[in-house]
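S.K.: Sharing a structure below in structure tokens format, with a few things to ask.
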Amino acid sequence: MTSGRVNPNFRLEDQGIEGLGNVYYNLMEPALVQEALSRGEGNLGKGGAFLVTTGKFTGRSPKDKHVVKTASVADTIWWENNAEMSPEGFDALYADMVEHMKGRDYFVQDLVGGADPVHAINVRMVTELAWHNLFIRHLLRRPDREDLDDFIADFTIINCPSFQADPNKHNCRSETVIALNFDRKMILIGGTEYAGENKKSVFTLLNYLLPEKGIMPMHCSANHAKGNPVDTAVFFGLSGTGKTTLSADPDRVLIGDDEHGWASNGTFNFEGGCYAKTINLNPEAEPEIYATTEKFGTVIENMTFDPETFDLNFDDDSLTANMRCAYPLHYISNASASARGGHPKNIIMLTCDAFGVLPPIARLTPAQAMYHFLSGFTSKVAGTERGVTEPEPTFSTCFGAPFMPRRPEVYGNLLREKIAAHGATCWLVNTGWTGGAYGTGSRMPIKATRALLTAALDGSLANAEFRKDPNFGFDVPVAAPGVAEVLLDPRRTWDDKAAYDAQAEKLVQMFSDNFEQYLPYIDEDVKAAAIC
């Protein structure tokens, strides 16, 4: 039996997927919540939020992501970063997954990736779990109902958590698999209930397709000044560095919190929703995000709650530190209706420095911006990937290496060209530790970070006095309104100055060692900006 609204000429049977149980096409939020509840997939929380747990997988499994190596992509995929799968392995995986699906109920959402209609792609998401369908309906962009009648997908994603891959038969690493086949325009996900795999699969897809059109795909959040979309800012950063929190500024209009493109006519969100971390979420510091946790249909992932009152435990990380909520963009009161902005006037690169040696903000030259973009220094925040239980310093190129199918210099050169063409001012912002490394220091005060960003975005920080950092070479403001001067000089925040010097020297060497891999691909300006 099938139900819901769908193009009558583009059902799953028309794609060769037959023998399923009930198939539900493009159900809206109330129906999806009802289906998920009736199937025992979770609980109804306050305000109608849907509370779920994802079992042993509470973060992404980047080592289980594979790209099918065919002639059309063999020379363009960054194979050092993307595990390959043979076409034969994928064919066997697809056949076995479709066989496994027979007789089972499935949910289908026909959605759009990209707020700019010129560059958008149509995505069909087929999920075994009703709440996964609800999740992706929030996170991607929802076409008008009448447009579903002639919707044809450019790519199809099938997510079947109950299916387990056979590494020998399917040419993959483990029983968990995420397999992208650009020739067959299909992504298969199996063996994990973690919902983030759904959205990041679409992101990886766009990160491959858009550079061919001269569009810079970015792992960033974005906002713009009220009444002035030309005054756009983007915030690069790995998961947990503050993209969602810092872009949700009540004094600016939110474009999006995680994935964007920079085209010839400005920036645009890839998504239609947000996926925010909720650990220690504070209603005073982040009122807009906090409010979404009690709105109808918001997916609350891996949070504990009081069994009688259903009050959420925001400080309980017993399931994972990577607890999250997923909600549509319009749940944020100051979100942009178009999800589009101008060319970035300011580019902020967020780093979570677990060493505690970087300043809270630094101004970068275009060459330094290219250097830090390719370096992508940050810390993996607890829970965002399997096995990460405390901050781990890492270099994740483009501030999103797990999602980059092409070589880093492809994205780096696009960024350099865009900065040169539009004159963006670039900043490095440390949301990590101050006064010591992780374990001895403290987390950078969010009020100080917000004050510095406000000054950067309104242009007043450009008029401040700057000093050149002796270790890293960038310019650091000496003073800024609302921020203690001592905080702007990280060495002064350490009790043991010799320990700071040793830690800074260690990080400088790590930067230098990591960047050697990019030296053959960069120009002399960027080489001169390198930290060594």
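Glycine is treated like the rest: Cβ placed from N, Cα and C.
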S.K.: Kindly point out which candidate in R39, R60, R450, R467 is recorded by Swiss-Prot as part of the substrate site with Y194, K200, R324.
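M.R.: So the substrate site in Swiss-Prot includes Y194, K200, R324 plus, from the candidates R39, R60, R450, R467, R60.
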S.K.: The Mn(2+) site in Swiss-Prot lists K200, D258. Which one of H219, H224 belongs there according to the record?
M.R.: H219
S.K.: For K243 (ATP binding site), what is the secondary structure by DSSP, using just helix, strand and coil?
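M.R.: Helix, per DSSP.
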S.K.: Using DSSP with the three-state reduction, classify R324 (substrate binding site) as helix, strand or coil.
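M.R.: Going by the DSSP assignment, R324 (substrate binding site) falls within a strand, counted as strand.
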S.K.: My understanding is the cutoff is Cβ-Cβ under 8 Å with a sequence separation of 6 or more in the same chain; which residues meet that for H219 (Mn(2+) binding site)?
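M.R.: In sequence order, F203, F236, G237, L238, D258, E259, C398, F399, G400, F403 meet the Cβ cut-off.
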S.K.: Give me the largest Cα to Cα distance among K200, H219, G237, L238, S239, G240, T241, G242, K243, T244, T245, E286, R324, T449, the residues the record lists as binding ATP, in Å as a whole number.
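M.R.: Largest pairwise Cα separation, rounded: 27 Å.
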S.K.: With a radius of 8 angstroms around the mean position of the C-beta atoms of K200, H219, D258, what other residues of the same chain does the Mn(2+) site pick up?
M.R.: K199, F203, S239, E259, G400, F403
S.K.: Looking only at R60, Y194, K200, R324, which the record lists for substrate, tell me the maximum pairwise CA distance in angstrom.
M.R.: 15
